[in-house]
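Just below is one structure, and these are the notes that go with it.
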Ligand SMILES: NC(=O)c1ccc[n+]([C@@H]2O[C@H](COP(=O)([O-])OP(=O)(O)OC[C@H]3O[C@@H](n4cnc5c(N)ncnc54)[C@H](O)[C@@H]3O)[C@@H](O)[C@H]2O)c1
Ligand SMILES: O=C(O)CC[C@H](O)C(=O)O
């Protein structure tokens, strides 16, 4: 018997990340090749003509799992009865823009979407925020949706994890899948801490395998922290293909569960683990189960080097939270 369809919202649906995401999402790569999907596509009024073109292309892909497509510019219509919300729609940073400019421009979008999710979405809705500043937007979205469990709100740091795995793998002449349990701590920004202390490469500790502590503590971290800015500088546009791939990885692992003793990084509401202020959306190592629940991996040893870096990124998130609350009028 065919499964009942799930209703999946993608915002920013006329934008460049959505253009790379909608095809793999609708053909079963994220929720399974036996899971029918009703797609809801939200963008702003001015982009509805472009969105029509995206809808035509989706129809022309002739995908068996794609049961319906609803394009809309109305947030309340978009949130109605949804099971999953992939919140991409927001302004991307361009060369010369500061993070704070982005916060001011984007945070109100997530206040409005939080209020709408609260009223119209299923209480079990699983939310991933991609639009930047992703962690703080997710914090605001959660704050304005008090009837939905806070743990259902997450932000994307899987792209950072993928970047870190790729850097190590390239260095070792391996593939990224040979690198396990890299952790991204904190904010999806250049203060994030890509931590390989607990990671394994082809079964060995990364420090032992790479044999270059100066690189691991220096250029490796810097490269991952500033990779998004490097892509913007080169493309004059922010990462889209790799972001779409990471969204798929994040949702698939949350939906189906992580493998064995492997963990992945997701920005989730802190429960106070590792001394991180409760409620802040902070990237942690998590393990997920097939019932769509996840938990923060406990008991990892944190040395002084790591502690300092984890605190720096926390401080930035605390500052962003204060600015965001101020912009939203508390
Ligand atoms: N977390 C991550 O890893 C990560 C990675 C890459 C990009 N991003 C962020 O994702 C966001 C989108 O990037 P993009 O390259 O697709 O941008 P884009 O400009 O190509 O597309 C954004 C789309 O969002 C729409 N939009 C704006 N306000 C909206 C609203 N209120 N409701 C619905 N849609 C709205 C725009 O009209 C546009 O079509 C940016 O904020 C970018 O910085 C995050
Ligand atoms: O604005 C930035 O510097 C980063 C853009 C995006 O989040 C990325 O990581 O590619």
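Cβ coordinates come from backbone N, Cα and C, glycine included.
Among the features that TrEMBL reports, domain 'Lactate/malate dehydrogenase N-terminal' is placed at 7-153. Note on the domain 'Lactate/malate dehydrogenase N-terminal' (7-153): its mean pLDDT in the predicted model is 96.
Around the Cβ of residue 132 (NAD(+) binding site), the same chain contributes 90, 92, 93, 99, 102, 106, 188, each under 8 angstroms and 6 or more positions distant in sequence. Residues annotated as NAD(+) binding site in TrEMBL: 43, 106, 130, 131, 132.
There are 22 other CB atoms within 10 A of the CB of residue 163 (substrate binding site), with all protein chains counted. Residue 163 (substrate binding site) falls within a helical segment according to DSSP. TrEMBL lists 93, 99, 132, 163 with the feature substrate binding site.
What TrEMBL records for 157-327 is domain 'Lactate/malate dehydrogenase C-terminal'.
Around the Cβ of residue 188 (active site, proton acceptor), a 10 Å sphere holds 27 further Cβ atoms from the protein chains shown. Annotation source TrEMBL lists active site, proton acceptor at 188.
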- Task: Do me a favour and check the Cα-Cα span between residue 43 (NAD(+) binding site) and residue 163 (substrate binding site); whole Å is fine.
- Result: 28
- Query: Quick one, of the binding-site residues 43, 131, which Cβ has the fewest other Cβ within 10 Å?
  - Reply: 43
- In Å, rounded, how far does the Cα of residue 130 (NAD(+) binding site) sit from the Cα of residue 163 (substrate binding site)? 16
- Message: Distance check, please: Cα of residue 131 (NAD(+) binding site) against Cα of residue 163 (substrate binding site), rounded to an integer number of angstrom.
- Response: 18
- Which binding-site residues out of 43, 99, 106, 130, 163 lie by ligand 2, going by a Cβ under 6 Å? none
